[in-house]
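Feature list (source: Swiss-Prot):
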- Ser2: N-acetylserine (MOD_RES)
- Ser2: phosphoserine (MOD_RES)
- 14-92: domain 'RRM' (DOMAIN)
- Thr22: phosphothreonine (MOD_RES)
- Thr25: phosphothreonine (MOD_RES)
- Lys52: N6-acetyllysine (MOD_RES)
- 92-221: region 'Disordered' (REGION)
- 117-171: compositional bias 'Basic residues' (COMPBIAS)
- 179-189: compositional bias 'Basic residues' (COMPBIAS)
- Ser189: phosphoserine (MOD_RES)
- Ser191: phosphoserine (MOD_RES)
- Ser204: phosphoserine (MOD_RES)
- Ser206: phosphoserine (MOD_RES)
- Ser208: phosphoserine (MOD_RES)
- Ser212: phosphoserine (MOD_RES)
- Ser220: phosphoserine (MOD_RES)
Amino acid sequence: MSYGRPPPDVEGMTSLKVDNLTYRTSPDTLRRVFEKYGRVGDVYIPRDRYTKESRGFAFVRFHDKRDAEDAMDAMDGAVLDGRELRVQMARYGRPPDSHHSRRGPPPRRYGGGGYGRRSRSPRRRRRSRSRSRSRSRSRSRSRYSRSKSRSRTRSRSRSTSKSRSARRSKSKSSSVSRSRSRSRSRSRSRSPPPVSKRESKSRSRSKSPPKSPEEEGAVSS
């Protein structure tokens, strides 16, 4: 197959995609192998634009669909140049050659003049900047809210600790006053009641010894 001529007309042909090719496999080798199963219309091996080396797969076109199916059944899993081939029906048509792409600029995918990528790049930058700003604002807000919540929790914990200490001091003072009142009541209950003057005189009279008859006579005389 010569690369100088334009590609043949492949309309109405059935294409097979052959994967896992080596770099040294040529279109002539593929044609000789696949012509055993029917009339081959075209063999195309895509190559790198700069190195001109094979990209590792090829397209084989048959004029008859039945011949293509027979070749697929026979060559799928076969070994060629030390590689196990994978053959399947091609889903897309033949890709454009490199010399066709050099003639004109690539088709425009976006509307407007010039290239769409350049016109969209500042918009993307603006969007990315706005997104980064919104993210930084949201992060600063979240940090501010976190600091607020932390300060609130700290103030609450301090107030609760103060109230607890006040309660503890009040309970201690009340317990001390109660213990003092109890000790006073106990001391009062233990001390004997005061004795009146009359009771003391009567007691002293009753305690004095009885007089003898001689003393009584002397008193009477």
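Placement of Cβ uses the backbone N, Cα and C atoms for every residue, glycine included.
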Give me the CA-CA distance between Lys52 (N6-acetyllysine) and Thr22 (phosphothreonine), in Å, as a whole number.
14
Pop the mean pLDDT for the domain 'RRM' (14-92) in here, whole number is fine.
94
To see if you understand the setup: which same-chain residues, six or more apart in sequence, place their Cβ under 8 Å from that of Thr22 (phosphothreonine)?
Ser54, Gly56, Leu80, Asp81, Gly82, Arg83
Per DSSP, three-state class assigned to Thr22 (phosphothreonine):
coil
